[in-house]
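**Q** Found this in TrEMBL, in case it helps:
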DOMAIN    3-118  domain 'CUB'
DISULFID  C3-C30  disulfide bond
DOMAIN    120-216  domain 'LCCL'
DOMAIN    223-380  domain 'F5/8 type C'
TRANSMEM  443-468  transmembrane segment
Amino acid sequence: DGCGHTVLGPESGTLASINYPRTSPNSTVCEWEIRVKPGQRVQLKFGDFDIDDSDSCHSSYLRVHNGIGPNRTEIGKYCGFGFQMDGLITSKSNEVTVQFMSGIHTSGRGFLAAYSTTDKSDLITCLDNASHFSEPEFNKYCPAGCVIPFADISGTIPHGYRDSSSLCMAGVHAGVVSNTLGGQIDVVISKGIPYYEGSLANNVTSKVGPLSTSLFTFKTSGCYGTLGMESGVIPDSHITSSSILEWPNQSGQVNIWKPENARLKRIGPPWAAFISDEHQWLQIDLNKEKKVTGIITTGSTLAEHYYYVSAYRILYSDDAQKWTVYREPGMGKDKIFQGNTELYQEVRNNFIPPIIARFFRINPLKWHQKIAMKVELLGCQFSIGRAPKITLPPPPQNKNDKKNADFMDDFIHSMKTSLQTDKTTFTPEIKNTTVTPSVTKDVALAAVLVPVLVMVFTTLILILVCAWHWRNRKKKTEGTYDLPYWDRAGWWKGMKQFFPTKSAEHEETPVRYSSSEISHLRPREVPTMLQTQSAEYAQPLVGGIVGTLHQRSTFKPEEGKEASYADLDPYSSPIQEVYHAYAEPLPVTGPEYATPIIMDMSSHPSTPLGAPSISTFKAAGNQAPPLVGTCNKLLSRTDSASSARALYDIPKGQPGPGSADQLVYQVPQSVAHPTVSKDE
């Protein structure tokens, strides 16, 4: 009655005292008989040893014997608190007896030990974790039975496991080793992560874990990819079932939970059986033989339908006629896989060794309310050669040979399922013997040249990109409309003609031009001079039919108003010898602007619209203005608030256009006129 956690495998196992790691009860005893294959020996390793030694190992102790039964011989008797046994206890045969005796005591956890055959020199126990080893990579052998309730792991694949996790228990969770068989693990230590996820896989629950300084992962063969249920590579026609659930909802619409709905992560209802019993199945055709290493299942994933499968079997076949139930090697019973515990969580189970077949069936054995599930198969293409055909003995001739026939069936099943068992954690080394040495050298040379060429082309591309970026950046610094520095002087001279006249502070000493200089120019030279020296002239004279001076006038414009152009061309003249479109510069002593004149239209006859208008400008001194042409009447208000009017008489000479010397203005006469208000 003193036996605790115990798993005795054909090559390795784990055993512990009752209540471990708590204090073992008084007056208990347990005896384990360990057998391995003939010709091999047993080695025993203690992970923890804490037995009361107050009476010098008289009533509480652990004793190890060579052999089993009355002919066994004692190897050693052990007790003590925190006893450290660094070495291994090795037997002389393939059989060992371990006896634990617990007397009257007040403390002591008992013990936990692991065993294996002597060819596993790197044996560890279920209590070892990554922090016990300083190497960044190492290879160890995990015994069977490391799924223990008193050990914890945090993390999952492929992200890794927290360094405080049990190495062997994490190996079972990752699907690297089997809990009933044990196996070899290749461990890689790396930097820790802030958060470790939890999941359920291979009957091991991984808990959520906090930040750690390091983590570990496992090297595997890499044959853990999805085989097409979720992605749709497996067509709907290749997914069949024993029955289909059909039922109408409240609106009368019929819901059909077909087998093709059993795709993992597919939105909507799952596959569900019409009858919930142990004879239902979901079948998947992979189209050809593949190496299947695991399966992932979920429940219905519908909150209103809390259905899931909690336990199931796996059957496989090559022709969908003869089916084989999956068993672990050396086990005489079918493997029962733990399914889901609720409808959402994904639960993974691995096949160790993997299954090589085309057809797979999932046979639910336990469920919640109804059989409903979604699945995905894990594995890869089967490329490793099959095992050689086994020559069967002739069929039994009588009843005495029935026992031999059953033995042969078990042997064949064991051979098929154990195919490539020792290669599930290693990538097979495949050598190509057809490659000649010269080809090998060329391959090695290409492996060196290709990266170099890639680096050279990458460098050239980066240089071109940088040059283009620098060129665009330089353009942006010059401005969107800037010209290169060698063209800016000419551009300034060309644009100068479009500038307005000089500001008021620079017009105190204007440049004067005589009319004689202008008269010597040919008609076509005038516009050229006016364009090149336009900034030195006053604004052009503007005449028009309109009665305001707000358009193209030499008068000073009112504040806040912009000058514009009249609709009619005021510069047309019958005399083409001299074309002067600008007024003569103003005198230095005189006012900067001509004085606007308001004419009393009541004392003059109205002039037809097409008649030539009378010039109202006064020339400086006695010199006549150089302009010859028709002018329109100009009517404007003066800046003064006075209502007095100034009236100029018609120039002497002929009223029509004439020579420049004949245009002489008379002295204006002051005429008193009554004040008349006009609305503009």
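The backbone N, Cα and C atoms fix where each Cβ goes, and this holds for glycine too.
Tell me what's around each of these sites.
**A** Within the model, the domain 'CUB' (3-118) shows a mean pLDDT value of 91, rounded to a whole number.
Around the Cβ of C30 (disulfide bond), the number of neighbouring Cβ atoms within 10 Å comes to 21.
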**Q** Hey, what's the Cβ neighbour count for C3 (disulfide bond) at 10 Å?
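**A** So the number of other Cβ atoms within 10 Å of C3 (disulfide bond) is 15.
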**Q** Work out, from DSSP, the number of helix, strand and coil residues along the domain 'LCCL' (120-216).
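**A** Helix/strand/coil tally for the domain 'LCCL' (120-216): 11 helix, 38 strand, 48 coil.
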**Q** Per DSSP, what is the residue tally for the domain 'CUB' (3-118) in helix, strand and coil?
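**A** Within the domain 'CUB' (3-118) the tally stands at 0 helix, 61 strand, 55 coil.
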